[in-house]
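Residues annotated as ATP binding site in Swiss-Prot, with sequence analysis given as evidence: Gly37, Pro38, Ser39, Gly40, Cys41, Gly42, Lys43, Ser44. Residues or ranges marked as domain 'ABC transporter' in Swiss-Prot: 4-235.
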Amino acid sequence: MAIIQLSNIKKQYENGILVIDDLNLTVADSELLVLVGPSGCGKSTLLRIIAGLEQVTSGELYIDDERINDREPADRDIAMVFQNYALYPHMTVRGNLEYGLKNRKTPKDEINRRITHAAKLLEIESFLDRKPRQLSGGQRQRVAMGRVIVRQPRVFLFDEPLSNLDAKLRAQMCIEIKTLQRSLGTTSLYVTHDQLEAMTLADRIAVINKGAIEQIGTPIEIYDTPETTFVADFIGSPPMNFLDRKILEQHLGYSFSYNKETDLLAFRPEVILLGEYPDKGPVFHTQIELIKPIGTGCHVLTRWNETIFTIEIKERLTNDYGKKLSFTVPHQNFHTFNKTTGKRKSNK
């Protein structure tokens, strides 16, 4: 398959806007790496640079040991799936699948073999003779993926391919893409702003912010040990709760003597213990502001002094607005960050 290497990639437009700044990234052979970040962070631009649709200002791009900076998009052996399905409306599904292969003068028998294989993988055999307008959104996206599969490229690029689908279909397609990529073993880069997609699909995640990589790791590593406050706040639904250490010590008299340098503390909503357990960690006496049922329990927004926390509990609260709620955060479940730099100070 292929190894993608990006070395010191910089992209700056003529108006001076810096989109990507000295970015380094390696995607392993057969890996599915997800680029996740907020809108405008540079993740789609990076994908377009790899595809050859945009030029870098500086830096080197390699697939395996081959430098591809100056190669035309058609010569990079890359296939890309876009947010909009980019299907030819006047062609049948079969026509869309075979179009690129015909342009490359692929033998007819080989075209038929590849289409049959892709259609079976994607379960689209029954509508090969339909036009795109006769298909649902999910079916159109399968056809779009079929177009890249029949190419048999070294690299797949996915640019937010599921953003036009509803939540249920998006979840289903996530599973299908992951299963498909594993079965094909094609090195893949996938762009999304949806952290749930990223956590579901990725072998590894690269969290992008303002054109730079904040952290790279497996989904579990990113969730359990965020390296910056940006990652801690961006990954997780709900995100982490943040609290100034000095405020905690002033109001609760609870001292984190094991890490004097720490300015900022954070904890996940699900790690709290309902009730008062002062031997395990600081106890917060809060007031319920909002309850968000999640089926198995609820997310509860609580007020502590001037701070709003979100906690996750297994109980199903209903009309408890304004009531008092006490909970404990075990000290081993606190993450610690430097408030000035945003960098992690210790693992927990």
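Start at 1 and count along the chain as shown; that gives each residue its number.
Positions of Cβ are set from backbone N, Cα and C atoms, glycine also.
Here the features listed in Swiss-Prot are painted onto the structure.
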{"residue": "Gly37", "record": "ATP binding site", "Cβ contacts under 8 Å, 6 or more apart": "Lys43, His193, Val207, Ile208, Asn209, Phe234"}
{"residue": "Pro38", "record": "ATP binding site", "Cβ contacts under 8 Å, 6 or more apart": "His193, Asn209, Phe234"}
{"residue": "Ser39", "record": "ATP binding site", "Cβ contacts under 8 Å, 6 or more apart": "His193"}
{"residue": "Gly40", "record": "ATP binding site", "Cβ contacts under 8 Å, 6 or more apart": "none"}
{"residue": "Cys41", "record": "ATP binding site", "Cβ contacts under 8 Å, 6 or more apart": "Ile208, Asn209, Lys210, Gly211"}
{"residue": "Gly42", "record": "ATP binding site", "Cβ contacts under 8 Å, 6 or more apart": "Lys11, Val19, Ile20, Ile208, Lys210, Gly211"}
{"residue": "Ser44", "record": "ATP binding site", "Cβ contacts under 8 Å, 6 or more apart": "Asp159, Glu160, Val191"}
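A coil conformation is recorded for Gly42 (ATP binding site) in the three-state DSSP classification, outside any helix or strand. Sitting within 8 Å of the Cβ centre of Gly37, Pro38, Ser39, Gly40, Cys41, Gly42, Lys43, Ser44, and not among those site residues for ATP, are the Cβ atoms of His193, Ile208.
Mean predicted confidence for the domain 'ABC transporter' (4-235): the pLDDT average there is 93. Cβ neighbour count for Lys43 (ATP binding site) (all protein chains, 10 Å cutoff from its Cβ): 27.
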